[in-house]
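These come from TrEMBL:
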ACT_SITE  Cys2  active site, nucleophile
DOMAIN    2-236  domain 'Glutamine amidotransferase type-2'
BINDING   Ser305, Asp367, Asp368  Mg(2+) binding site
Amino acid sequence: MCGIVGVVGRGPVNQLIYDSLLLLQHRGQDAAGIATSEGNHFNMFKGHGLVRDVFRTRSMRSLPGFSGIGQVRYPTAGSSDSAEEAQPFYVNAPFGITFAHNGNLTNWNELRESLFRIDQRHINTNSDSEVLLNVLAHELQRAANGISLDEAAIFRAVTGLHSRVKGAYAVVAQISGYGLLAFRDPHGIRPLCLGRFESSAGPEWMVASESVALEGSGFAFVRDIEPGEAVFISLDGQVHQQHCSPPAQHAPCIFEYVYFARPDSVIEGVSVYNARLKMGEYLADKLARTMPLGEIDVVMPIPDSSRPAAMQLASRLNLEYREGLIKNRYVGRTFIMPGQAVRKKSVRQKLNTIGLEFKGKNVLLVDDSIVRGTTSREIVEMARAAGANKVFMASAAPPVRYQNVYGIDMPTQDELIANGRDEQEIAKLIGADALIYQDIEDMQKSVMDLNPKLTNFDCSCFTGEYVTGDITPDYLKWLARPRQEEGEGGGLQFNLGFAANDN
Ligand code: AMP
């Protein structure tokens, strides 16, 4: 999962992009990067780690310019973790493009092949984003009239891209000397929204993965960018938009509401916080139908994402709500790609119990989702060690049984605790006295109730149904292949273009 942002401002945008990336940090902690544009010149700095660790005063000074893009990255399905795969990416032709992507392409192997054989473009990393950038570059080359570019040509290029590419993609790109281009895949799987700030010099524009980045940077939310739509903002702040794909089933990723997005974001007109409250309501009703409520002494969230659901569940069932698990906000980053042993240890490092909330009580723990089951298993054990009498577990999302191919990091089916198991078996594995999962329909209703225009979602990790229609067992097997070893790298600095850089 990644977070992306693009800005066309009236003054330097480096700090603004940095601040927005901090607000999107929850979407990816592996790498961060910014590319700004000054006339025909791009400046870029990117590296491994959290935003605050990647950028220093010196690197920020090397990023002058009134427009720019940024990305925070979490390595997702199919990608490796080398420093050169940190984004933004750059290609020098046509015009010079910098590019950042959130999502995952599902036909990138075929695209890579056709880029090489037909378009004669070389792809140097294992990143599907580099493939997507090269498709965009090729389509822009085809659509451009000689050496100049207008909006019609840019939209023709995005139309061409949609006809070749499959999967999930929300993109921000700068075209040197022209402006900022943003677009979403025809199903609108990954989110992207547009905001505006009225400066004394005229309007400034920001495109971001989540509305929290706009709001936190002082921009007013304007609207979501629609599925298949492209928005082009010229360097003088003119906004152009066009739908560039035939209508397709709108299927935003439901996992954004379950876990990924910040609760203070609004996606597709639905407050993520409100959706999580609703999930708590529906889960409460299921609990009331399936379990003797008298057995539960206390409801407890597994911090942080499950809090709204746990709160609402407790209030609806008239049960006591307590915080018995305390999270250490300052655990350091893990310097290797989390393997099972590291994950297990990190649960203990991250969470600790308050004994008096557990001692002698029957506790209902609520989590937003159960993926590998490591967290649940560890926490059930911790609850018992803290003196709990019975430990029940409830998940605000249904069992995760299938791989996610659209940019969420849950690649191998074998790793999923619910794969091929029923609820009793899972309860036994995590050591819980009972386990209650949300029903799929109720999870969907939790979002739909708040915007009835939404009728479909990408729920593939719960259902195994993939909206792009191109997922084969072979592809899933290929996706589950072991990833490359991580290479640790420092910041990478680039000076691209023709003007001198002032760092
Ligand atoms: P586990 O079941 O141990 O894999 O952990 C599940 C917990 O991790 C859930 O409570 C979520 O808060 C969080 N989570 C869910 N999906 C992901 C993901 N793709 N990457 C990282 N954390 C996740």
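Glycine too: its Cβ is placed from the backbone N, Cα and C atoms.
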What number of additional C-beta atoms lies within 10 angstroms of the C-beta atom of Cys2 (active site, nucleophile)?
26
CB neighbours of Asp368 (Mg(2+) binding site) within 10 A?
25
I'm checking region-level scores; what's the whole-number mean pLDDT for the domain 'Glutamine amidotransferase type-2' (2-236)?
94
Around the recorded Mg(2+) site, report the further residues of that chain (criterion: Cβ within 8 Å of the mean position of the Cβ atoms of Ser305, Asp367, Asp368; site residues excluded), sequence-ordered.
Val258, Tyr259, Pro301, Ile302, Asp304, Ser306, Ala309, Val366, Ser369, Ser395, Ala396, Ala397
Helix, strand or coil for Asp367 (Mg(2+) binding site)? Use DSSP.
strand
